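S.K.: Got a structure here, written out as structure tokens. Questions coming.
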Amino acid sequence: MADWRGYFKRSITSRISSLLLLAVLLILAGALYVLWSTNSILRQYELRTDEAEHKRAIISAIATHSGELIMRTRGYFVYLSDYEYKRLFEEKQTLEQALKDVRTVSLSRTETEMIEEIDAFFNQLFEDRLPQAVAYAQQNDFEALRAFIPAGPDNPVNTIMTYARTVERSVQTSLDEAHTRLVNRLSLQGVLFVVYILAVLLLSVFIARRVATDIGGPLGQLSRQASRIGKGEAVGQSELARRDEIGDLARAFERMVGDIQHKEEELVAQNEELQAQQDELQAQQEELQFAFAQMENSARFLEKRNALIQALGTASHVEHLLDVIISRTVELTGADKGMIVLEGDPRRYAGYGISAASANRFVGEMGDGPYGRIAQTGLSFLLERPCTPGEQGYHEAELTASELYIPILDAQDVLKGGIVLTRYGRSIDLQERAEMEGIAAQTALALDKLEMHEQTERQRQMIRDMLDTIHEGVQFMDLEGTTRQINGQMRDFFGVDADHEIELPLDRFLAHMRVRLREPEPVEAFICEALKNGGASAGRSLGYELETPEQRHMQLYTEPLFREGRQFGLLIVHRDITREYEVDRMKSEFVSTVSHELRTPLASVLGFAELLLHRELKPERQRKYISTIYQEANRLTGLINDFLDLQRMESGRQAYDMRAVSLSTILQETTELIRARSAAHQFVLDDQSESALVLADRERLRQVLTNLLDNAVKYSPAGGRIEIVSRAAGQWLSVQIRDEGLGIPQEELPRLFTKFHRVDNSDRREIGGTGLGLAIVKEILDRHRGEIGVESEQGRGSVFTFRLPLLAGDPPVQPAQRESSAALAERGAQKSVMLIENDRSLAALLVEELERGGLRVRQFADGEQALREMRRQLPDAVVLDLFLDTPFTGWDVFGAMREDARMQRIPVIISTAYEERERALEAGASEVLIKPYRPSELLRNLEQLLS
């Protein structure tokens, strides 16, 4: 025990901790006791209430089953129902179980006797009374049954029911008493716990009081002693003889007081020594402040110099650079104003602290002043002069201005410009002059750098413009797969919202491209392989489809980029080949279509010709077959002519005989011609043009109308009405052709006038054609400065409208009627025609036609022989094939005729299968006929020439 007391006296912490622990333990013990007591009371209350409830439930069940049993008994007596009888014994078993359960609970003596009476009653009922009563009921002896079973107050069942209600009231009364006792005991527990807590709090206050007294008193004493020491008063030895922390503090305080007094004496001695040193440090401080001021000036100068250098490196154009140089230089050198001028035409300059008028005057006259001197010598020049009145300002004493002219020289010591700096009332020493010359040298370097930068930017912009001009998408990718630069076409192809220079990693680029490609996998593999091989696959290409609003066919190829022999990147080119793809596709379709269109009539021609050769046919059938051959030959001729016409038009070799013509006549003639071939269609011509004139080639205009009307007939296979309306309005003559045919899908309208294009539709597969007719129409109207348009709805027909510019003037004079071959024959003037043709079959056909027309024909296959015969006897006209089998061609014959004065006036009709019309007409031919042509056409031309 003494050891414990000593331990507590040596430590304040242990004392306070022990007291706090004691208080906590007391509170915890009281709380645990209250918790245990309350739990015990509640358990007892629950046991009692559960037992009472159980007892009441069993007794209520006995009463319920007893009543149910009596009810089933009486029900059986009344109705003699087997169901009631069966339920009677089921209730008996349930009642017996309830009687067993009630004996398991605590019962009073009276209750036990009552239960025994109930058990005895029902045993007697089922053993003795029930069989006799059943017999009375079966005999319908209800009087005996009523006498046998009493119904008054002495009935045992009524007694049972009364007992059950009595037990329920007793149980409820006991439950209420138990609840009251529970509330009283819990209230008492609460009061006791509050009293206990108050006692613990009183104990805690007492403990706190003791602790405060035990600790606060000694601490107050130490505080008073410390205050006296702070005031410089003497203090005695502390009387605290404690062994705890306060005692240790008191003893440490005494030692500290002794140390302070000892050190105070030492500090007094040291203070006297420091006072002497302070005087010496004061002098050193003044020297350091002067040096620091100089260092700050140098730092400010270097900061300004660094700012000037940074400004020189960041200027974006010359004007900005000049402004930065002069403003920073004036600030750096301490000048009052300054100016910088660059040589050139015009001279560019910038000023600081001077007016625009003064700057312009200086630039205009600078060659005659000090600037001219530095331009000749290349050295700076310092000028001392009096200040002008404006520079003098409010100063009364006369001031002197120091003005330094510094040349700006490039690396070859060529003058690029100059700097002028002016100070008022202060001179410029040699060091400052050297610094200003150094600034001029830096300025020259900055100007050279800026000039190189501007030149580089111009070249760079030119390359950008060149890349944006080309139609291919160009993409620069480094060896890591990062896209560094693209052109404008590439941005349009893939919808990249970025400038030329970007940084797009390979995965992001492929992900962006993937959503726009129909099949992205081959493209990704091609690009990755090119990166992997370093562009070794150059020369290869890949085709892919680009999913844009309009589907595009693209070609992809790569080229490696090298610098100084080392590869640094890859150039990827995306070329739009949609037009070439479409042309190839249309050419393939055209070849297939033309093959079909050629083979079909040729099959008919060959078949009917074979029948005519190998069979004896009646004249009527022969005429029918020949007529069919003639029609199919015309069909072949039209097909070939369409193709040759389009070829001549696209190459610009198609000749147009532009004259003032009336469209009304051509409309009537063409409509009648088509009407004769199309009996299933009703043609309605509404000519409102009032004989208006247009400047056109009559035959080509006829070709336009023929193609449009043929299409109207062809694409109206079920017949119907075809309306042709012409009218003149304003400066235009328009023609509208409306049919009731198949119509055209809306998506096909933009490509309708493209060569080789045919509408791909199941309704049109049986309709022939090459897809050239509308392309020829468009080309002819373009050459006539006309326009054509179409409106169509599938299944409801189409409306084609073309218009031509009107020509003001009178109707053309009709040429005189030519004499027919019969008139020539009647005049007896039989003309001589020389036919030079190497094709024997065609020559025989032409000879027969011309001789039937009343002409005398001499036929030759050799050009030299024909020329000799011509010199011997001049013909009236010559029909000449340009390409003969002999080395002496038709051109040679034609040239020899033009060189011979006797033959120059002989009319020559060129017969050729090649497009040489313009060349032949320029050489002097009277007419050019392109094979195949009708022999009657040759005869008509000869009649016209010879009449």
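Note that Cβ sites are derived from N, Cα and C of the backbone, with glycine treated the same way.
Because the structure is a prediction, the values reported are computed rather than measured.
Pulled these from TrEMBL:
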type     : residues : note
TRANSMEM : 12-36    : transmembrane segment
TRANSMEM : 190-208  : transmembrane segment
DOMAIN   : 213-265  : domain 'HAMP'
COILED   : 257-294  : coiled coil
DOMAIN   : 593-808  : domain 'Histidine kinase'
DOMAIN   : 832-946  : domain 'Response regulatory'
MOD_RES  : Asp881   : 4-aspartylphosphate
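Walk me through the surroundings of each of these features.
M.R.: According to its DSSP assignment, Asp881 (4-aspartylphosphate) is in a strand.
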S.K.: Who are the long-range neighbours of the transmembrane segment (12-36) in its own chain, taking Cβ under 8 Å and residues 6 or more past its ends?
M.R.: 189, 192-193, 196-197, 200, 203-204, 207, 211, 214-215, 244-246
S.K.: Just give the helix, strand and coil counts over the domain 'Response regulatory' (832-946), going by DSSP.
M.R.: 52 helix, 24 strand, 39 coil
S.K.: Taking only same-chain residues 6+ apart in sequence, whose CB is under 8 Å from that of Asp881 (4-aspartylphosphate), what do you get?
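M.R.: Spatial neighbours, sequence-distant, of Asp881 (4-aspartylphosphate): Ile836, Glu837, Asn838, Asp839, Gly890, Ser911, Thr912.
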S.K.: For the domain 'Histidine kinase' (593-808), report the average pLDDT of the model, please.
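M.R.: Per the prediction, mean pLDDT sits at 81 for the domain 'Histidine kinase' (593-808).
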